[in-house]
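Structure first, then comments.
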């Protein structure tokens, strides 16, 4: 049988990784897919550069790949069966993906931003044209987490997902903890090693993780992708001292993407999170990714691996190419739904605003070393219905010549609604004896 | 659309769990599958007992399920679309599965023994009749590891799989380490808690793990299932002292199922294994399961969850039912192959005998406390081409009135071929100064 023909849009790290893996493992992949998978055309801004890259991977084969700077020519090419979009972003990538779908081509993409923001439009177009849109590479790189959620755990009412789904921030947090660095120094080290980009905003501010959490929330709960409803908080304001205090209390701080089902609606949020140090997830270090999925039947499961990099991401892209090759002849009404649930059976369960989220909280504040300050604080918390799980009071430090002292107090609360905590924090900050703002971090037990 | 109709063979723990999960999550499952999934008939030795169990799950629905003691009646029923085999073993289960396939029914099974031993016959019959045989529940319970290997990692040349795939033995090993128990005491505790069966042979002697490793080896490497070629060693002869010495050296002992690709062939083996304590896999405790899969593109990935129990196993069974419901209309030649590779493209790569396996080794022996004994031992190892990675010599214990002492020596070797180690052990045991047999355990770095 003729190989299935793939047109590649973009030829950066992931595009080149995809070509590399397809060439190196072509025999093994063909034995699995039942048919060869061939990159027939590549559209890229700088064809000369792409040709050099191709030749460096497989000089003998490179000549058979046509390289063009005309993206539409690939998307419109009647001989192309699958378009693999590797451009990224929500601009030209969206236009080309929709055009490929209109041309009745299957699409494989690693573009989390595109799907988190325009997923509904794209999946509707795919349905109208009877084609598949596969996107395993969009979340957690080489870890087959989309497949696990969409197909492996279909028996379950999913209760929550909590994932380390951004390698850059996990690397920075690991360095801050291991080497006692502050955020800015750890970021520079990550940039020097290529773990963080020159403009790291999307990673460190949690946007990338929120794109991925948004996609997972749709698959887990059968709701549309709603990136605009996600709460997004990164690690750039995280202080080294909170990592140390958390450690003393038996916790690690990780940037988690969380999607949780509650009676009131769905929580969808990304923020630095204290988790018990003994959890497997707490021990995922460096640039590695891991996702915990809790289902009512299966209980807690965890999926771990490399979340980025040329070949780990290519592993997911090629798995999608194999899936499409294996299943493209199936009746379009009898395929695995893009977002796990049948498109006409989505739920309108609301995504909760962050004020309505339930969590445990870590609160750090600095107080004047005066009798009664702790009583004032605990009274305010009790009045807001917040109970205290643990308290850490550091030794007093003398701050002026009159012998007056100041001290850090760290409080761990039981689970409560965020708006109650915020109200209590306002009350605490108004106390004359409290000399700092209150630092608030959320906690997850991950039971 | 009419629900798809399932006939259940057997109604023990997993069968009842499957019914429970299907009833509880029926709406959510239907939204995913696009069609209801209904257990229409159950065949079981004791129908009265099954009816009681059904009624205790869902009194309102239980009456709509027909319960019979005639297994053939279910397998031959033209209204049944999928037969779910929950009997276990390789006797009547094999006959009923083959009969269901001959009747062109899809089959879902949790029966690892059946597939590890008779898989080739069963998958051939399924191909001849154009039906699917799904078996996610056969390996690692609720963890979707079959799907990950068969579909999620298809881009990769799989290098190795190493898994904690038997919860009973992992529970016993965790108790031996945590509480310093010997094997017999830990086994009794596991039996009292229901983690081990009255006759625990299949679990503790590694047979259950070997069934699962055999199935994974076929999917990973594209070879037929060959349980008879697996090397199987359980934990019943494991001494508590080796767990302690391993700990001192920075290792944990786990019963691993290992399938590894080497230049000479495939290693397929189950045995107690030392792994570095800092690996995530080393920290999988109690009855939990986890599988590490290393692919050339994706690197190291890990999958963790409950490997047994009514609902975790049912999670996998129902996921298979959803898969069949979603995809049963597809052209049989364009489905996902049962064992990941196209049936006509399997490889005849040999499974290596244990003598040819490569591993690091932990050797413990007791020696008379005499000058030169260590020199003799290291000379024998060097002559066999075995280099030493670490050595632990315990303090001498006086054993008789003449002041003679004996001491334990623990050696960790670099990787070498097993037959060389066995030859060296024979030489060491022949030394007059060596007063015990040599205890040998294998090690895996899991890099």
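Even glycines carry a Cβ here, placed using N, Cα and C.
Features reported for this protein in TrEMBL:
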type	residues	note
ACT_SITE	B:212	active site, proton donor
BINDING	B:9, B:10, B:11, B:12, B:13, B:14, B:15, B:16	NADP(+) binding site
BINDING	B:112	NADPH binding site
BINDING	B:197	L-homoserine binding site
DOMAIN	B:362-443	domain 'ACT'
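Cβ neighbours within 10 Å of residue B:9 (NADP(+) binding site), excluding its own Cβ and spanning all shown chains: 24. Looking only at other Cβ atoms within 10 Å, the busiest spot among the binding-site residues B:14, B:16 turns out to be B:14. Across the range of the domain 'ACT' (B:362-443), the DSSP-based residue counts are 23 helix, 32 strand, 27 coil. Separating the Cα atoms of residue B:16 (NADP(+) binding site) and residue B:197 (L-homoserine binding site) is a whole-number distance of 19 Å. Each residue contributes its Cα atom, and for the residue listed as 'L-homoserine binding site' and residue B:9 (NADP(+) binding site) those atoms are 22 Å apart. Non-local contacts of residue B:212 (active site, proton donor) by the CB criterion (under 8 A, 6+ apart in sequence, same chain) comprise B:112, B:116, B:138, B:139, B:140, B:163, B:165, B:166, B:257. Under the three-state DSSP scheme, residue B:11 (NADP(+) binding site) falls in the coil class. Same-chain residues with CB within 8 A of the center of the B:9, B:10, B:11, B:12, B:13, B:14, B:15, B:16 CB atoms, the NADP(+) site residues themselves not counted, are B:8, B:17, B:18, B:44, B:86. Mapped onto three states, the DSSP output places the residue listed as 'L-homoserine binding site' in coil.
Residues belonging to the domain 'ACT' (B:362-443) score a mean pLDDT of 92 in the model. In this structure, residue B:112 (NADPH binding site) is part of a helix by DSSP. Take the CB of residue B:15 (NADP(+) binding site) and look out to 10 A: across all protein chains shown you find 26 other CB atoms. Among the binding-site residues B:10, B:12, the residue whose Cβ has the fewest other Cβ atoms within 10 Å is B:12.
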